[in-house]
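*Asks:* Pasting in a structure now, in structure tokens, and then I'll have a few things to ask.
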């Protein structure tokens, strides 16, 4: 039986430096008998030579399109918006299972070409728990940026400037501590922060960043399901300076905050970081903005407020890219046991569940999307 070939594609999303495979996990896959082709990439946090030393074969950027049909294409973020049908099995985040804007066009490319999407967001074990997620680093980066935006807003009238990836966590925290100090000088106090979803991966990352930045426990309101069970909106959000939403939703619940709840004369809230960044999802519990933000333009203002301070929203959907090396290493390490079963993915429970979900979602596609 011929060895299974995995093809790691170069990411096309702007400022996406993370990788689903790392040199370390690539070496483990090759040791297990896989062939790993790695597209050269100017953006990836790992140098091409690191993969070559691990035993991978370097191939040109974007060569996955012409790779043999039996090769499995491994990526991270969604593909570029093109129309050509997809013939391969793709392992990636596609952001098309929760009725996001344009979901049908993204998803339909797979059945139109005879391909399959095994979405990394929905890889779960027998207990329904995700086998790998960037949640911790998403929450960590989101809370760190939220502190910087809070401090910036207190000292500047212009929008918060663009940000770039950091080489490591220490460099990020050093910048955040400096910003918090400037914010405290302007406000006369440290910020109060509410984190919803604080017990999960994402929320624990957010709380970790806040503490490393010097925010004391008494200034952190760490909520989870028990605290939100009564249903929002919650005044505790508008009483805080910063709200970090770390909740992952697949169905609608009462909003945590909405435009009406923001229209209170004593609102303190200045920054919302919606780490889930399901901007156009009908399930969002933070329906106060409609624009996804980017590293180039990290914030969007909330319009229509009649009183209180300005309010900025961070809704970057690849926050872990702020710490691409640590985030990639943690994610790929957790994903490795599943990656090692890709040579028989149809019979591997984790991948079989992902295929079943793919089939269910394809069945909901309108006929018009399949006939392009």
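Cβ coordinates come from backbone N, Cα and C, glycine included.
For reference, TrEMBL lists these features for the protein:
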DOMAIN    7-141  domain 'Alanine dehydrogenase/pyridine nucleotide transhydrogenase N-terminal'
ACT_SITE  77  active site, proton acceptor
ACT_SITE  95  active site, proton donor
BINDING   129, 200, 201, 224, 228, 248, 275, 316, 317, 318, 319  NAD(+) binding site
DISULFID  202-246  disulfide bond
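Help me picture where these features are in the structure shown.
*Replies:* Counting residues of the domain 'Alanine dehydrogenase/pyridine nucleotide transhydrogenase N-terminal' (7-141) by DSSP class, helix then strand then coil, yields 40 helix, 23 strand, 72 coil.
Residues near residue 77 (active site, proton acceptor) in space but far in sequence (CB under 8 A, at least 6 apart, same chain), listed by position: 11, 12, 13, 16, 92, 93, 318.
Its Cβ placed at the centre, residue 95 (active site, proton donor) has 20 other Cβ atoms within 10 Å.
The local packing around residue 275 (NAD(+) binding site), expressed as other Cβ atoms within 10 Å of its Cβ over all shown chains, amounts to 32.
Long-range Cβ neighbours of residue 246 (disulfide bond) (same chain, at least 6 residues apart, Cβ-Cβ under 8 Å): 135, 138, 139, 142, 195, 196, 197, 198, 200, 202, 203, 205, 206, 275, 276.
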